[in-house]
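Below is one structure, written out as structure tokens, with a few remarks after it.
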């Protein structure tokens, strides 16, 4: 970071000769470029700073992250449960890939495929197959279990981020995902397993002294009828073949040595259901009345939960249940009103009311922001209503006309080639939420670099148009990275604290 530099009021030319000839460059920046230019060569390292609504990225001959820190794979954090990206060397998936010497990078095709599956699960598949969107659910208590297939696998990208949680007495620890847009229940792989699958990473109910069956017909059982059992169990079949069972239990949930929740309800996935990416389940943080968020202590000055997503697989974030509100801890947060969706009472929604680009607001018709806005943990990119995205895309292209363009990467249709440049600039994208909460996105939050270690290559605007029939905007996890997102559910507001992890 170069926080004290005062960049020129005119655009900084990316041609080094032009940079050297510019008389309006401040002396410090002039000297910096003069000193380092002979040594830059083809270095992929960079440093960056922000000024007057623009992000400036300058080529550097050293990695600003040096000395690199080897992840310590901590099991605890002062801010809450450590959060790992699925490709982290400390995560089961990343560690397994490292042992087998597999690549731990993700292609844009894989990211877009995950996003497409996630958007389909949110909005239905109307565009491709004519299938209607799911029927609305009643607020706060409904669980939606798919009628076929693996309940975890039908939550695409559910395991982009992991935490470690313990179930039962004595504690059985597992790596689980977490999400705010769940089917309405915490899901956990349990025994008995199918005869053809490994069962080493599954909860063993019979080994827990505190486990209890949820009776069929009780208020805690979401099924209208159970599969011939006094317990809350539902068997899934396809073509007369048993795919597996879902059984609701209650047991002790341990999030840290000092944080336990008794009689926590969750759905056991049995006899054939297996999660992807070496996760054992997913923690429900939705507005559902049985979610983990609903069990947060109602203590004055606390929020229901907060999370900070790591900005890369080499860094660590956190998930905190019942944390002090930022202002109580001396941190500044900006808030926007938080409410439930009229479409699905389990969902948290906010109102995106505008977009800024390089400071000024973009001219976007208010109708382009009608509908709900979701903050999603499983979607990587941010998807705006088509009219809003078109305004952002066109405005961004107009301010980036001096750079060579690159071919689109799937739905990412605004791409540039920064190869060979020593400096480039991008206008800051600002998400403007109701209540005056303006969130400025950093370079890595608003741009996608296929080679994340080399910003002087191909880069694309990390936004796309949402499906035509989707009257919802989705803010993806890339735009949320390194920001603490605070869910003050009782206070009816959502907060943002930048640069928290």
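From the backbone N, Cα and C atoms, a Cβ is placed for every residue, glycine too.
Where the annotation comes from TrEMBL, it is an automatic prediction and has not been curated.
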Which range is it, out of 11-34, 35-58, 59-82, that shows up in TrEMBL as region 'Disordered'? 59-82
If you look at how TrEMBL annotates this chain, which of 124-144, 145-165 comes out as region 'Disordered'? 124-144
Cα of residue 179 (active site) to Cα of residue 376 (active site), in Å and rounded, measures 8
I'd like the Cβ neighbour count for residue 376 (active site), meaning other Cβ atoms within 10 Å of its Cβ, all protein chains included. 25
